[in-house]
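> Quick one: this structure, given as C-alpha cells, is what I'll be asking you about.
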Amino acid sequence: MVVCPCVLALRQTGDLSRVYPASCPMTAGIGSHDPGKDKWKRMDGLIIKQPAIRVGFFELFRFATCKDIQMMVVGCVCALLHGSAQPLMLLVFGLLTDTFIEYDIELQELSDDRKECVNNTIQWKKNYTAALLDIEYEMMMFAFYYVGIGAAVFLLGYLQISLWVTAAAKQIQLIRKLYFSKVMRMEIGWFDCTSVGELNTRMSDDINKINDAIADQVSIFVQRFTTFVCGFCVGFVKGWKLTLVIIAASPLIGVGAGLMFVAKLTGMELQAYAKAGSVADEVLSSIRTVAAFGGEKKEVQRYDRNLVSAQRWGIRKGLIMGFFTGFMWLVIFLCYGLAFWYGSSLVVDTKEYTPGTLLQVFFGVLIAAMNLGQASPCLEAFASGRGAATIIFETIDREPEIDCLSEAGYKLDRVKGDIEFHNVTFHYPSRPEVKILDQLNVVVKSGETTAFVGPSGAGKSTAIQLIQRFYDPKEGMVTLDGHDIRGLNIQWLRSLIGIVEQEPVLFATTIAENIRYGRPGVSDKDIITAAKEANAYNFIMDLPQKFDTLVGEGGGQMSGGQKQRIAIARALVRNPRILLLDMATSALDNESEAVVQEALDKVRLGRTTISIAHRLSTIKNADVIVGFEHGRAVERGKHNELLERKGVYFTLVTLQSQGDKALNEKARQSRASIRQRSRSQLSNLIPEASVPTGDISISQPDNYKDDELVEPAPVARILKYNAPEWPYMLFGSIGAAVNGGVNPVYSLLFSQILATFSIQDPVAQRKEINSICLFFVVVGIVSFFTQLLQGYAFSKSGELLTRRLRRLGFQAMLGQEVGWFDDHRNSPGALTTRLATDASQVQGATGSQIGMIVNSLANIGVALIISFYFSWKLTLLILCFLPFIALSGGFQASMLTGFAKQDKEAMEAAGQISGEALNNIRTIAGLGKEKTFVEMYEAQLDAPYQAALKKANIYGACYGFSQCIIFLTNSASYRFGGYLVQKEGLHFSLVFRVISAIVTSGTALGRASSYTPDYAKAKISAARFFQLLDRVPQISVYNDKGEKWDNFQGNIEFIECKFTYPSRPDIQVLNGLNVSVKPGQTLAFVGSSGCGKSTSVQLLERFYDPDHGKVLIDGHDTTRVNVSFLRSKIGIVSQEPILFDCSIAENIKYGDNLREISMNEVISAAKKAQLHDFVMALPEKYDTNVGSQGSQLSRGQKQRIAIARAIIRDPKILLLDEATSALDTESEKTVQEALDKARQGRTCIVIAHRLSTIQNSDIIAVMSRGIVIEKGTHDQLMALKGAYYKLVTTGAPIS
C-alpha cells in the first residue's frame, strides 16, 4: 500500500481536523473525530465565554464505581494494543515490499541469463529454478498476517469503545440524578439568579459534554497516542538517519498547519461584521422610531455600507486559507521528494536500507505525525467536558441556603395562625440594589381575612413569599404564633399553607391528580369535597372524562376560570391553616370572577387568609385592609376608614370605580371571554401596559422550544441567489478538479519509485529516481496554485452571497409590521444573531460544497481511469471492498452526530419533566412536591441509560469494523496481486499503483459524505432565511398601494376600537374607544398606566390595526391608506426619545427621509425646538456625535432634538407621548415652551401624567380600562366633579 491517504485527506479539505483516514493501512485505526466544538456559546446574539475550568481531568471520574474503573482500565489496555497494531503492520508491509522487489530482480536476472546461454537450456533450469521465489506462497503468508492483525483490531476496537461508553453511561446517569435532585433542593433565590433555560441547557448539553469527555474519546486518545509513540519507534529502530531528515522538514508542515488554524480561528470576520451588526441591533431595537420616520430604506443602505468590510475579511480569509493549504501541500510534496531522494541513495548507494525499510521508516514517521495531529481534537473534548463539569459539580457540591428537603426544624403541636412581620427588610438576590421591603411591620390575626393593596412593586407578593419561606429576610423576622419561621421545619410549614396565585400552574396530568398534588394520599371523597367547595365540581362533571380529564401542558386545555378553581381545590385539599390569595381573580373575566370569588368567600371562614388584589370589589369585605407603598405598610383599617384617609387606597378606588362603571355598561351590551389558552407572555417589548416587575418574578415560557421545524431549502433556490458569481464558481471548480486529480497522480509516482529499486543499471536507476523526485516538486507547485485558486474563488462567491442575503434579510425584517417584533422569538438579539450566523452558514451549500463534490468526483474518476488502465482484474477485486471502505469513512463521520440525536430523543421525556419542574418551581415548592418530581425524573432516566448501553455495543462493533476493513482489503488485494504477478507477468509496481489509487479514492468518497453536516446546516439556515423573505407583513411599508390625497387636514376619529396586543392575546387593551379630534385641535389623554393611552397612538401610526372598529383620518379608513404616506404626515415625540449613533444634524434630518434636507432647515427646526443655542455652545456644534442611543446628552437635550426631528417633517399631526414626564422642572419648562410652539396649527394628541401640562388642551379624555370615561375641556370636567375632578383636587399621581 503506498499512499498515505490521510495526508491526501488534507489535500481535499484543506483542514487537518477533518482528516479521517478511515482506510489507510498506514493510518488505519485513526478513529473518528468530531470537528472541535466551539468554546464560545452564542446565546441570543451575545457571546458568552465558557466558565473557567476548575475541574481536573481525573476529577471528572469522581462518580465512578469500582466496576466502572475496571472497565475503563481494560478499555485502556485494549486501546494500547490497538494503537500498536498499525506500526506492527508496517513491519509486515516492509517485508512484503522487499519480497516483491526481490522477485522482480530475479525475474530480470533470469531473462538476462537466457540471452547469454541460448543452447544450454537444461543447465539453466538446474541453476535457477531453485532460486526463483514462490511469490504466491509468500503472498499467502502475508495475507494471513493481515487477516490476523485485522481480526485482532476488530476485537480490540470493539472492546475499547464499548467498555468506555458503558462505563461513561453509568457515571452520566448518576451525575444527572445528583444534579437534578440538588437543583430541586435549591432555594428560590437561586432560581432567580439562574435562568430556567440555562438550567435546561446544562441538564442536556453540558452533561452531554461531560459524557463526550469521559467516554470513547479517552480510549481513542490513548490509541492514537500509542500509535504516535510506536510509529516513531519503528522509524528510529529501522533507520534513524532518514527519520531525522524527515523530522527536520516536518516543522514546516507544522508551521503551515498552525498558521492555517490561526487564520481560521481569527474572529476578524466576526469583528468586521460587528460594525454592521451593531447597526442592525440599533435599528431593530428602535424599530418603532424607524417606522415612524419612514427610515427603512435609509437604514438598509447604511447596513449594506457596513457589510463591505465583513465581505473583505471573508475573501481575505479564503485567500489565506487557500494560500496555507497550498503551502502545506507544497511542503508535503517537497518532503516526499526529499525523503525519497535521500532514502533511495541510502538504499542504492550505501546499501544501508532495503526498499522495505525505506517505506517502514517513511510511513512510521508519517503515521506518528498524523496520529499526533488527530489526538488533539480529543483534548478539545476533554477541555470542554471539564468546563461543563465545573458548573455542574459546583452545583452538586453547593449547599442550599434554605434546604426544603432537610429534616431539621421543629413542628408545633397546635397552630393558631397568627402571622407577624417584625421590621422586615428584604431585597431579591437577583436585584440586590432594589429594596423591596423596607422595615415592614404587619400583624395578621388568626381567623381574619387581611387584604394587601397598593401599586405594583410595593412589596405585597414579596411579603407572601416570605411567609412561605421562599426567601429569608435580610433584617427582621417573620413569626408564626410567635415562633420565628426560620426555626420551623420547612416541609411542615409549607404544608400548613394553601396558596392560589394569579397565574395558577397546573401540571400536565389529570384534574384529579392535580388536586391530589395538594396532599399526598388523599382519598377520592376528599377530592370531590374540595372540588365542590371550590365551585369546580359542576364544570368537572360536565366534561366527558370528568376527573380524569387531562389538563394539558401548563393547564392549556382549561379556561382561566377553570384553572383557577382547580388551583383553589388543590389548595383546599390540604386543609390549610393559612390561605394566601395572590391576585387570585385578576386574570379572569367578570363571569368567572364572580364564581371564583364566591368559592373563595366560602373557604375563607375560620382560616387565616391574606388576599392581594388589584380589583377592589374583591377586597371590600376583608376584615382588615393594609395599604402598601414602597415596601412599607402605610395604612391599615376597614374599607370606609381608609376612604376617609385619602391615601393609597383612596387613589386606587377612585380610578377603578369609574372604569368599572363604564366597563359594566359595555359588558351589558355583550362581552364574551376571549381568553386564548396560553400562558400570558408578559412581553416587555411594549412600553405601555405596566408589567409588574416589582415583586413577581416572571418566568418566560421556554424560549428554546420555539425553533420551528423548517423544511430544508432547495439548493436550486440558494444557487439562484448566487447566480451572478458564476465565473468565480467556474474557476473554483476547475481548481478543485485539479486538486482532486493530484491524489491518484501521487500513487502513480509512488509506485514508480518502487519500480526503480528493481532496475539493474545504476546510471539509469539514478536518473529515474531524480526525475521522479523532480516530478514531486512540480506536482507540489501545481497543487499550490490550484489550492489558492479554489480558496479565493469560492470565498469570493460565498461572501458576495452572504452579503446579498444579509441585505435582503435585513430589508425583509424592517418591512415587517411592528407587532411581529413583539414576539420574543423576534427580539433584536435573536434577529441580529440570525443575520450574523444564518447568512454566513448558507455559504456551506454553494461554494465550498461544490468544490468538495468536484474534488471528490475528480479524485475518484482519475483513480478509476488509472487503475483500469493498468490492471482491470485487480481493480475489480478491490472495487468489491470499496463500498465498505467508503461506508466506514462515512460511518466514522456520522457516528457521533447520529448518536447525539438518538440520545436527545431518549432524553426528551426526562427533559419534559425537568422542564416542567424548573419552570414551575415556586408552585412545586409551595406544595412541597420536590421529592415527587425527582423520583419521576429518575424513573425517566432509565430508558436513555438502556439506550446508551445498547449504543455502546453497536458503536463498538462499528468502530472495530471500520478499523479492520482496510486490513482485510489489503490482505485480499496483495494475495491476488501476487497471483497476477506470477501467472500473468504483471509488473509488481502496478499492484501497488492500483491498490493505492483505489484506496485513496475510497477515502475521498467517505470524506465527501462526511461533509454533509455543514451542507444540511446550510440548507436549514437558508430555509429559515427564505421563510423571512417570503413572509408577507400584515402592514407593508414597501408597497405603494393604498390611498393618498392632497389636502391632508388631520381630522382624526376613533370609532369603537377594540384591540389586544398580538403577543398577549388574553389582555384586552382597548375596549371600544370612541374619540375624535378636529384639525388644529389638541386632544389630551389622561389615565392610569395600562389604560390604553399609548396604544391608541400606536394605532394611529398604524404600528397595529385595531381588531375591531376603525380609525379614520380625514374620513379615510387607515387600513386602506398607504402606510408610508400616512406616517409621513405624523410627527411623534415619545417619553424616551430614541436617537441614533450619529451627529445631531443627522438625527434631526432623520425626521424626513424622503428628501435631502438643507442645513438651514435643520437650524430653523432647532430654533423652534429651543435647541439652537445649546448646540452652538458645543465645540463641534451640529456635528457633535450623540453617542449610542443619545447617551452623551441629558434627557432634556435629547427630548429637544426629538422635537426638532418631529418639526422638520412639518407634520399635520403631532403626537406627544409623555414628552416631558422624564424631565426635571427646569428642562420641562423649556421643552414645554418648544412643544407649545410646535403645536400651533397642527392636530395634536398629548399623553401626559402631569395635569399641569394638559390644562389648556381643547379636549381632555380620561381613560380607564381601554375606554374613555369622560371627556371635555378642563373647566367642563371640573364642573362634572367626576374622576378628573378627584384627580386634580387630591393631586394624586395618575400612574
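The backbone N, Cα and C atoms fix where each Cβ goes, and this holds for glycine too.
TrEMBL labels come from automatic prediction, so no person has curated them.
Quick caveat, the model's predicted, so the values are computed rather than measured.
When I checked TrEMBL for this same protein, it listed these features:
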type	residues	note
DOMAIN	73-384	domain 'ABC transmembrane type-1'
DOMAIN	419-655	domain 'ABC transporter'
DOMAIN	730-1017	domain 'ABC transmembrane type-1'
DOMAIN	1052-1290	domain 'ABC transporter'
TRANSMEM	72-96	transmembrane segment
TRANSMEM	143-167	transmembrane segment
TRANSMEM	218-237	transmembrane segment
TRANSMEM	243-263	transmembrane segment
TRANSMEM	319-341	transmembrane segment
TRANSMEM	726-749	transmembrane segment
TRANSMEM	769-794	transmembrane segment
TRANSMEM	850-870	transmembrane segment
TRANSMEM	876-899	transmembrane segment
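Can you tell me where each of these features sits in this structure?
Within the same chain, residues 28-29, 64, 68-69, 71-72, 74-76, 78-79, 81-82, 85, 88-89, 92, 214-216, 218-220, 222-223, 948-949, 951-953, 955-957, 959-965, 967-968, 970-972, 974-975 sit at least 6 positions outside the transmembrane segment (143-167) and bring their C-beta atoms closer than 8 Å to a C-beta of that stretch.
Sequence-remote contacts of a segment are chain residues at least 6 beyond its ends whose Cβ falls under 8 Å from one of its Cβ atoms, and for the transmembrane segment (218-237) they are 29-33, 72, 75-76, 78-80, 82-84, 86-88, 90-91, 160-161, 163-164, 243, 246, 360-361, 363-369, 371-372, 374-375, 378-379, 382.
Through the fold, the transmembrane segment (726-749) approaches residues 2-3, 5, 8, 11-12, 329, 772, 775-776, 779, 782-783, 786-790, 792-794, 796-797, 846-847, 850-852, 854-863, 866, 992-993, 996-997, 1000-1001, 1004 of its own chain, all at least 6 residues removed from its boundaries and within a Cβ separation under 8 Å.
Tertiary neighbourhood of the transmembrane segment (769-794): same-chain residues 11, 14, 315, 318-319, 321-323, 325-327, 329-334, 336-338, 340-341, 344, 348, 728-729, 731-732, 734-736, 738-739, 742, 745-746, 749, 752-753, 756, 847-848, 850-851, selected by CB-CB distance under 8 Å and a gap of 6+ residues from either end.
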> Need one number: mean pLDDT over the domain 'ABC transporter' (1052-1290).
79
